[in-house]
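Reading through the structure tokens given below for one structure.
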Amino acid sequence: MNKKVLTLSAVMASMLFGAAAHAADTRIGVTIYKYDDNFMSVVRKAIEQDAKAAPDVQLLMNDSQNDQSKQNDQIDVLLAKGVKALAINLVDPAAAGTVIEKARGQNVPVVFFNKEPSRKALDSYDKAYYVGTDSKESGIIQGDLIAKHWAANQGWDLNKDGQIQFVLLKGEPGHPDAEARTTYVIKELNDKGIKTEQLQLDTAMWDTAQAKDKMDAWLSGPNANKIEVVIANNDAMAMGAVEALKAHNKSSIPVFGVDALPEALALVKSGALAGTVLNDANNQAKATFDLAKNLADGKGAADGTNWKIDNKVVRVPYVGVDKDNLAEFSKK
């Protein structure tokens, strides 16, 4: 009897151990360029949430702390731990080739997301994909939003010269999103027949505190009373501008951002932010996770999903957000 009990216990323990092993038999390695980036924090949490719905997946999540060398080391460790796919938010897009060579050495597929590698890098490995956006689209939509509100608010034209005197807070120089948003927001305004005059343009590296400091300096400078519109490449910098304008009693100056972060949507609701552009964190996260899981399981990247892959790339569309359609994007 005791032998039977012991045997049964051993079998059950073996089954439980097997189930536990099976429950995490698909390891996916993830690196985020830095955890304290507002937008990437939302993406990271969304990926973690998606993974909870897939009990056979174990995420190995890493904070690269804005250090490409650190990220390279993290990828080496992930590969040594036997991950079946990599999901990589690059620190430096130029490092994609290095990451691909590491992945190729272990025959592991890699899904880059948010920071786009070069076409040459993607084409160099048949198991490399990218999930992101069309960077210029966000600039165009931001330009459309500004044009819409400029036409509806004649009081914004402080000197009545018919052109927008603007300052622009730029993201990381060289980052595809920063370069495209900076170029295309102004191009779209000009294409719509709206003349523009740049008073100031400088980087605040996607950061709220840096943007506040930059805006403080501009509001203390010789062009302070000429500023009619503040344009920011992302919401984090837009929020810094809003803080600075409030401190200088100039909250009536309109500010436009990109990302549609929850905090930014609250500012749109209050009127402190004139508009933003939805950079769809949840769908970027879901597409990244879906592709990585499929590839880890040996399936086609988009199998069983609604994602459309064009030349190894999934593009998640942007949407303009202001008070007129805010209810569609605010959490119920």
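Yeah, the Cβs are placed from backbone N, Cα and C, and that goes for glycine too.
Small disclaimer: the values here were computed from a predicted structure and weren't measured.
In the record from Swiss-Prot, residues Asp37, Asn114, His175, Asp177, Arg181, Asn234, Asp259 bind beta-D-glucose; the candidate from Asn153, Asn159, Asn279 listed for the same site is Asn279. The annotation in Swiss-Prot ties Asp157, Asn159, Asp161, Gln163, Gln165 to Ca(2+), and of the candidates under consideration, Glu48, Glu228, Glu243, Glu263, the one tied to the same site is Glu228.
Of all the binding-site residues listed (His175, Arg181), Arg181 sits in the most crowded Cβ setting, with the most other Cβ atoms within 10 Å. Apart from Asp157, Asn159, Asp161, Gln163, Gln165, Glu228, the Ca(2+) site neighbourhood in this chain, defined by C-beta within 8 angstroms of the site C-beta centre, holds Leu158, Lys160, Gly162, Ile164, Glu197, Lys226. In this structure the C-alpha atoms belonging to Asp37 (beta-D-galactose binding site) and Gln163 (Ca(2+) binding site) are separated by 34 Å.
Neighbour count (other Cβ atoms within 10 Å of the Cβ, all protein chains): 20 for Gln165 (Ca(2+) binding site). Using Cα positions, the member of the binding-site residues Asn114, His175, Asp177, Asn234, Asn279 nearest to Asp161 (Ca(2+) binding site) is identified as Asn234.
Note: the CA-CA distance between Asp259 (beta-D-galactose binding site) and Gln165 (Ca(2+) binding site) rounds to 23 Å.
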